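The next block holds one structure in the form of structure tokens; read it before the comments.
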Amino acid sequence: MNFQTTVVGYPRVGVGRPYKQALERFWSGKLDETGFRAAINELCHDRLATQAQRLDLVPVGDFSLYDHVLDTALMLGAVPARFGKVDAHNLQGYFALARGRDGLPALEMTKWFDTNYHYLVPEIPERWELQANLVLEQVRFAQNVVGAKARPVLLGPWTFLRLARLAGAELAQHLQQLTAMYAQIVRELNDCNVAFIQCDEPALVGDVTEEEWQAFAACYRELSKHGKIVVQTYYGDVTPWYRELCRLPIHGLGLDLVQGHANWAAIQYHGFPQDKILVAGVVNGRNVWRSDLADLYTKITGLSEFVAPERLILSSSCSLLHLPETVTAERNLPVAVSSGLAFAQERLAELELLANALRDGIASVQPTWDAALASRQQWLDGVGRIVPAVRERTAALGTETPARLAYAERVPLQQAKLNLPLLPTTTIGSFPQTAALRKARAEAKRNPTGYAETINAEIAHVIALQEQWGIDVLVHGEPERNDMVQFFAEHLAGYVATQEGWVQSYGSRCVRPPVIAGDVYRTAALSVAETAYAQSLTKRPVKGMLTGPVTMLQWSFVRDDLPRSAVAAQIGLALRDEVTDLEAAGINIIQIDEPAFREGLPLRRNDWQNYLDWAVRAFRIATSDAKPSTQIHTHMCYSDFNDIIAAIAALDADVISIEDARSAGSLLAGLEGRYTQQIGPGVYDIHSPNIPTVEQLVARMRQLLNYLPAEQLWINPDCGLKTRTYAEVAAALQAMVTATKQVRNQIS
């Protein structure tokens, strides 16, 4: 039996983050365009070669200088009129779309399905026009590196329009126009003698109407005339449309067999067409735990009843974009944990090992096979994976969702203690992380006293600046934190932190998701010392800053041997202990950030309620012991909350800040009259280097007051300030305070 191997996509970042370094050096002017393109070409060469060592077929077109959705939009001429004509190869124009320029707002950014990757939302043009076949250019480059192994990847036209927030008849109308353009792209790629053309259509695993399906089917009936199309799905199953997909005249179908458990059953129940290839996503592209190879061997062998081996390609469940590059870059992980991990390069090795075992028998690869199984078992047998005291404490919670005193009764108690003005100003939490700060953190273990002095000096600096600017509710700036999840993970038992486990969040922004390897609990205070020190420097209230249980879960690689709801409850209890200690230290406002709350939603609405129930419960486990006079804040990112407003209200936070600056108030229009707690929608976009003017901020505040009474509105940036410079922060926050004073005067 001859099984081929591939993956849906591969990480862009590289070991040591050469991707990030090249981008940021180019943006800062330290690298010219020639040098930048040379650095990117070297990175692309290396990632192609790495894949070709293990795989039979290498995806090409998944790489991007910022975001693959943006690349597709530019290729199709979907450039907002405010930017004028942008040539597909013009780097300045390309990055202006992503980051804004000269007062022009960037494209809106939001979460890519239910992941922590961000994409730029396409704006529909008046007229579609194919600018350049950018994937064809990547294929020609790749064929010089890996030869016939190169196969192209396109973001499918139907999912592209769904990502642009089109639906129903409007989607069908635009899809007709795009189909002709995609047909040309497919023809040109097919002429390169590629094995097949992967068209990513992950939106099929969400809710799809009959009208939308008909538009999809018509598109692919046409595209299949022009090349060998494999419709690639991921992040779930396609069971509602499985039989219809099998009837399409496409070359093959890519299915997620990890998250999409029901896809296995669909194949077994309905069979699989003998004229198509199956790209079977059998290794996890989203989580880092080693595959259970023995189980996969049995399952894949069973697939041979339905799919001949020559038509079966072993692959990842989704793009490996969500994984770090390699476990071999880690030097300090406990062996009991590292033995159970598989990052992107290890996933390639798993696929190669599986294919060899299936082709020649396990005996042919016995030593490697046995070592892989033993490594996984070493983690399962590890100390700390199960902690009886933690299991007992979570069991004692029962099944009820804990509650505080009613919001209406808490408000006067909080105002009496805090005495805040109308339209109180604050920031979301983080302040710029300077080079000196990063250097001090890197040297912390060698010089802990010097590090503590640096942190306290930075906190004092941040407090003094905020007082100087006239901010009402202060933050300590989080100088001790490398990342809002990573910091807490490094101080909670059950978590382990990687050194080189970087994954792309958006553009050059990379994060290191920690790994939840065992039961989670707090062994000591997490943030009390820094917050209490900040409060000692000012009479204004300082917010305690914590990361909520759902975000701690969503932005981590979570153990796969315990339900996510159970892990979230464990984190909630650890945070409850921290809230109690912050109150005891005199902190009267505590913010528990949940920027990832919405991204945890399953992609089909029928599955939402179960998630929302346990997510709300985990948050309230963390907050329910807080005093009524303690004001609980939360913060959420890039989200459309209108359809989950009941769950947001059920969190029972006193104040919520949301990332709405790029959405022109559309979110608030849906919340009008449906949410009674206080809201800070974000008055400017921190992801853009553009500095808002006082006039722009006044206009934004007036817009917000069309939807919210002044008593309900808070004034703040739309996210943390960690990625900005102090010069940018000073200019923006001073303008924000000035604008707030003007609006207050107008109201009074």
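Counting begins at 1 with the first residue displayed.
Positions of Cβ are set from backbone N, Cα and C atoms, glycine also.
There are 21 other Cβ atoms within 10 Å of the Cβ belonging to LYS111 (5-methyltetrahydropteroyltri-L-glutamate binding site). If you look up Swiss-Prot, you'll see LYS111, ARG509, CYS510, TRP555, GLU599 marked as 5-methyltetrahydropteroyltri-L-glutamate binding site, on the strength of sequence analysis.
SER430 (L-homocysteine binding site) falls within a strand segment according to DSSP. Cβ-based neighbour count (10 Å, all protein chains) for SER430 (L-homocysteine binding site) stands at 23. The feature L-homocysteine binding site is assigned by Swiss-Prot to ILE428, GLY429, SER430, GLU478, ASP593.
In this structure, GLU478 (L-homocysteine binding site) belongs to neither helix nor strand by DSSP; it is coil. Within 10 Å of the C-beta of GLU478 (L-homocysteine binding site) we count 26 further C-beta atoms, all protein chains included. What Swiss-Prot records for ILE428, GLY429, SER430, GLU478, ASP593 is L-methionine binding site.
Taken from Swiss-Prot, the feature Zn(2+) binding site covers HIS635, CYS637, GLU659, CYS719, and the record attributes it to sequence analysis. Neighbours of GLU659 (Zn(2+) binding site), defined as other CB atoms within 10 A of its CB across all chains, total 24. DSSP assigns GLU659 (Zn(2+) binding site) to coil in the three-state reduction, outside any helix or strand.
Under the three-state DSSP scheme, HIS687 (active site, proton donor) falls in the coil class. Residues or ranges marked as active site, proton donor in Swiss-Prot (evidence: sequence analysis): HIS687.
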Helix, strand or coil: which one is GLU599 (5-methyltetrahydropteroyltri-L-glutamate binding site) in, per DSSP?
helix
Between ILE428 (L-homocysteine binding site) and CYS719 (Zn(2+) binding site), the C-alpha gap once rounded to whole angstrom:
6
By a simple count of other Cβ atoms within 10 Å, which of CYS510, CYS637, the binding-site residues in the record, is least packed?
CYS510
What is the separation, in Å, between the Cα atoms of TRP555 (5-methyltetrahydropteroyltri-L-glutamate binding site) and CYS719 (Zn(2+) binding site)?
17
Which one is closest to GLY429 (L-homocysteine binding site) in space, judged by CA to CA distance, out of the recorded positions LYS111, GLU599, GLU659, HIS687, CYS719?
CYS719
Using the recorded L-methionine site (ILE428, GLY429, SER430, GLU478, ASP593) as reference, state which further residues of the same chain have their Cβ within 8 Å of the centre of those residues' Cβ atoms, listed in sequence order.
THR427, VAL475, MET484, MET545, GLN591, HIS635, GLY720, LYS722
Taking Cα-Cα distance, which of the recorded positions LYS111, GLU478, ARG509, HIS687 are within 10 Å of CYS637 (Zn(2+) binding site)?
LYS111
Given the binding-site residues SER430, GLU478, ASP593, HIS635, GLU659, CYS719, which lie within 10 A of ARG509 (5-methyltetrahydropteroyltri-L-glutamate binding site) by CA-CA distance?
none
Subset of binding-site residues (LYS111, SER430, ASP593) lying within 10 A of HIS635 (Zn(2+) binding site), CA to CA, in sequence order:
ASP593
